[in-house]
Amino acid sequence: MDKFWWRAAWGLCLVPLSLAQIDLNITCRYAGVFHVEKNGRYSISRTEAADLCKAFNSTLPTMAQMQKALNIGFETCRIGFIEGHVVIPPIHPNSICAANNTGVYILTSNTSQYDTYCFNASAPPEEDCTSVTDLPNAFEGPITITIVNRDGTRYTKKGEYRTNPEDINPSTPADDDVSSGSSSERSTSGGYSIFHTHLPTTRPTQDQSSPWVSDSPEKTPTTKDRASGGRAQTTHGSETSGHSTGSQEGGASTTSGPIRRPQIPEWLIILASLLALALILAVCIAVNSRRRCGQKKKLVINNGNGAVDDRKASGLNGEASRSQEMVHLVNKESSETQDQFMTADETRNLQNVDMKIGV
């Protein structure tokens, strides 16, 4: 029992240590723009996004910088913060990503927790997938920060980058549900107005670093209010169903997302796991102790009659002799039965002879 309580105390001591860790997954840089994910997806607030980019010696990208990154191949289906907006930057249409739209897909709400995009002005102008090995602008702190690059290399550093106390010690769970990583995109919460831009279906012959808004009014993406009678068209998106309806022409639309679920604190999950493990160990120890107590020991009495091996040999000989005696007894019983039958027949014959003589 003492061991059980000792292990439980040791597990409780490990809980805060396991929580004082931050994993930052980063992608390749496209014209200086890259995507950052913290501890799974969608766990970065607006204020933390700015602090995180600053720690990487970067800033939140502008719309023009995002569009330039898309022009050279940057694509992801993840919601993230940029300067003044929350965007999804898909290149190819996908029914479960930005409602089948392409370009810089903008959500007007920026109050929830998402991932973030950062822009490093000193990065190469094209694609750059070299590993990031440092968080240069992080300051001293107790947090273990691990940078996970696209190729799987990991670099760990002790420190802190968050300056907002609400980001360091959140008092309430995030508004949006945090889901595990996948290539598909979750739906945005209901009531958001969404704007988007279009990429051309074929690449133009002119310089691709030109502004993302065309000068010609025919090609300029427009934003129109498609509400009719006080009702706006609704786009229903879901990761699981993959169906979407509504406008895809750049008009304002709203999306309805899945039901929000409260987050379970990590320390509670770890504590429950430790308690379950301790309970299993306690049951195993109790069963093992009971089994040992219930075992029967075989008592061997020698009485000075030689070694145990000699007694085993004599016991085997005795068993053989007893089996032979049983065979003799069976043979003897069968012969006695035959003699009894013969005596009875002779007696009947003599009686018949006497009766004949008497007659």
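Each residue, glycine too, has its Cβ placed from N, Cα and C.
Candidates considered were CYS129, CYS284, CYS293; the recorded disulfide partner of CYS28 in Swiss-Prot is CYS129. Out of CYS118, CYS284, CYS293, the record in Swiss-Prot bonds CYS53 through a disulfide to CYS118. Looking only at the binding-site residues ARG41, ARG78, TYR105, the one with its C-alpha closest to SER289 (phosphoserine) is ARG41.
The least crowded of the glycosylation sites ASN57, ASN100, judged by other CB atoms within 10 A of its own CB, is ASN57. For the region 'Stem' (225-266), the model gives a mean pLDDT of 42. The separation of ASN100 (N-linked glycosylation site) from ARG78 (hyaluronan binding site), Cα to Cα, is 14 Å. Checked against ASN25 (N-linked glycosylation site), the recorded positions ARG41, ASN57, ASN100, TYR105 differ in C-alpha distance, with ARG41 being the nearest.
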